[in-house]
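Here is what TrEMBL records for this protein:
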COMPBIAS  B:700-710  compositional bias 'Basic and acidic residues'
DOMAIN    B:50-608  domain 'CstA N-terminal'
REGION    B:697-717  region 'Disordered'
TRANSMEM  B:24-44  transmembrane segment
TRANSMEM  B:50-69  transmembrane segment
TRANSMEM  B:135-157  transmembrane segment
TRANSMEM  B:239-256  transmembrane segment
TRANSMEM  B:271-292  transmembrane segment
TRANSMEM  B:341-362  transmembrane segment
TRANSMEM  B:383-409  transmembrane segment
TRANSMEM  B:482-503  transmembrane segment
TRANSMEM  B:524-547  transmembrane segment
TRANSMEM  B:559-583  transmembrane segment
TRANSMEM  B:590-610  transmembrane segment
TRANSMEM  B:660-681  transmembrane segment
Amino acid sequence: MRTVRRVWGAVRWYARELTGEAECDRYCDRHRRHHPHAPVPTRREYEALRTLRREEHPQSRCC
Amino acid sequence: MPTSALPESGRQAPEKSRMSPKSVAIWSAVAALGALGWGVLALARGEEISAVWLVVAALGSYAIAYRFYSRFIARRVLQVDDTRATPAERLEDGVDYHPTDKRVLFGHHFAAIAGAGPLVGPVLAAQMGYLPGTIWIIAGVIFAGAVQDMIVLFLSMRRDGKSLGQMARDEIGRVGGAAALIGVFAIMIILLAVLAMVVVNALAESAWGTFSVSMTIPIALFMGFYLRYLRPGRVVETSFIGVALLLLAILGGGWIQDSSLAEYFVWSPETLVFCLVGYGFFASVLPVWMLLAPRDYLSTFMKVGTIALMAVGVVIAAPNLKAESVTDFASTGAGPVFAGSLFPFLFITIACGALSGFHALVSSGTTPKLIQKESQVRLIGYGSMLTESFVAVMALIAACVLEPGLFYAMNSPAALLGPTVDTAAEAVKNLGFTITPDQLTAAAKAVEEETLVGRSGGAPTLAVGMSEIFAGVFGGAGMKAFWYHFAIMFEALFILTTVDAGTRVGRFMLQDMLGNVWKPIGRVTWKPGIWITSALVVGAWGYFLYAGVTDPLGGIKQLFPLFGIANQLLAAVALAVTTTVLIKSGRLRWAWVTGIPLAWDVAVTFTAGWQKIFSDNPAIGFFALRDKYAQAIEDGQLLPGATNMDDMHTIVLNNTVDGVIMAIFLLLVLTVLVNCAVVCVRAVRATEPLPTTEAPYVESRIDAPERSEEPLVGARS
């Protein structure tokens, strides 16, 4: 059971990292460290920021 | 730490190490297994062999190359230094730059470089038999493709993530830099056109395929809105919903095909061209969250899933290779799928699976800004490319498990095959292979398609091969039609993702270039500027797409060489820039590491380009074919392939355009090469090393990755 939970945890961690879902946590952590008094962006606000960035920095996909 | 088998030459040996007896034994076994695979491939004469040997030869070679050659490059040539802070550490901003776990970054990078290229090229290359293709895919990736990806990644990382174009400008000069930039843009246009043509050929006249692929647009839109308004940021959950809907769309396609709605989804190639052009335009101007980002997630999930499924399928089903090891077309150069002899045309046809210039753009984009430790360029640069090459090997297997008769009936140009299964069977017989009209009908029926005759472009062939392999493992013959359309869907998904991302990147490049001439168009927030440049980009690839689709002689046969040469020329640019930087930074004695692949690549591309322009054989030379048809127009006669005078004029126009484009590509790359050579000579003669733009050394403050693993579990949600 413990192994199953560990493997599931690892898969979940990898999927979240790969899709960028985990980026929000990292960003908010950083935000807290650097601007302790400013309000941390909500998930919705963060995602809006992230898509805006993506809008301006297209990444090429290869053949 | 793993240990080295290379003779430690003293001076800059990072550490004294000798292989333990255990690892000597393991690596000897790996080498022996790989050698066994190659031995079986080489010694098979006449009898069919199992595809498993191909997989064994490939994996054995990759393992040895990764363990020894990539390590040699990392230590001796690049002298990676884990005490040096990477840009991800120095410039960390939580957005562009942040140290990323190497396994995650491997996934990111692989998803960015892998696409339809390694799936299509090897299928077409099966015309020459499985052996030449396999040798080039494996040897090419080990000594050229993976080396290029890794070194470009490293050099870009040492320059804070500069793009290939910027590096060319900074390290070589403005002329070479400008030529590289224009070359990249032009090459991208051809690439998008050819990839889009593969989709058109796969979907034309197929209600099932057209329905399921067009359903990906509403699915992506739904995912986009779901991610933005219902569950912001829940990407994994959304992707699972998307994949489930996608599978439903494939099943739904089968139902549509048998219903009265089928006729609404049977589209002609020309209609599909206009749909694709329209799609490309909207994907470029709509906000990314709506269409582009969700498609990208979907495509990444499908990519990883399908490739894993394919590997399992090949190993479990262990199909026999029906193709010959080396066909006569390898020496005569008279093959129906693509013209020309083995050298140079095999090497430009396989393209992405062995060496792909396009990867240099990805390797000098986002990835270098995310690397945690310098030594990780090995896994991320070299390792990702080996994986991509493995995908190409599997595509080759899928094409070679088909009966050769079926392969040629699917991939020869329509002009050769004629309109019916009977004419096609006759044409295949003339090529020296056998397939009966009944077998052709049965093969089409098994995958529930109207016909398989003349379905060129590589995607349908791969799909039939994959359905053959998958049906042997999961679900039996009854599932063949599902697997066929699954494969078509996943290729189309790949390609459409490349097309929409590529159009967007192309738009930004064009805005950047035109912005130098007229300021407002360069502003990324000015709507009319976005619309104009998007229209220009889709118009450019749309033109080649339309010309290819309506080409009476078969667009794939005409345009695929152009695409292959373009991609390999881009690799020549990347290898020339890396060689120059190696020499400038005082590593002349290691310059052969990129110099030899560069010399080979230049020989291949320039021979191929030269033949395409100057050959007097109309089957190969663009201008020779043009002259032949122009002469016939003057004489008032119709030549094979053309059904009326308009066709004749189309052929003349297309060949003129293709020939001129080819010449422009060669000249642009020649400019870069000459400029590089000048800089190299100057660097060798100089007493002091020439200035480079490498960022200065800063000591790293994060621990070596071996000691500080990211926590696997416990990432907060």
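Including glycine, each Cβ sits where the backbone N, Cα and C put it.
Using a Cβ-Cβ cut-off under 8 Å and counting only residues 6 or more beyond its ends in the same chain, the transmembrane segment (B:559-583) has close neighbours at 77, 117, 121, 124, 144-145, 148, 151-152, 155, 164, 167-168, 171-172, 180, 183-184, 186-187, 190-191, 193-194, 197, 338-340, 345, 347-352, 355-358, 360-361, 544, 548, 551, 590-591, 593-595, 597-598, 601-602, 604-605, 608-609, 612, 658, 661-662, 665-666, 669, 672-673, 676, 679-680, 683-684, 692. Long-range contacts of the transmembrane segment (B:135-157) within its own chain (CB-CB distance under 8 A, at least 6 residues past either end) are made by residues 57-58, 61-62, 65, 69-70, 73-74, 77-78, 80, 86-87, 113, 122, 163-164, 167, 346-347, 350, 353-357, 359-360, 363-364, 367-368, 371, 374, 377-378, 380-386, 388-389, 392-393, 396, 571, 574-575, 577-578, 581-582, 593-594, 596-597, 600-601.
Contact count against the transmembrane segment (B:482-503) (Cβ pairs under 8 Å) is highest for B:271-292, out of B:50-69, B:271-292, B:383-409. Counting Cβ pairs under 8 Å that are 6 or more residues apart, the transmembrane segment (B:524-547) and the transmembrane segment (B:239-256) reach fewer than 3 and are not in contact. Away from its own ends, the transmembrane segment (B:590-610) comes close to residues 73, 76-77, 143-144, 147-148, 151, 340, 343-345, 347-348, 355, 561, 564-565, 568-569, 571-572, 575-576, 578-579, 582-583, 662-663, 665-666, 669, 673 of its chain (Cβ-Cβ under 8 Å, at least six residues beyond either end). Put simply, of B:271-292, B:341-362, B:660-681, the stretch with the most CB pairs closer than 8 A to the transmembrane segment (B:383-409) is B:341-362.
For the domain 'CstA N-terminal' (B:50-608), the predicted model reports an average pLDDT of 93.
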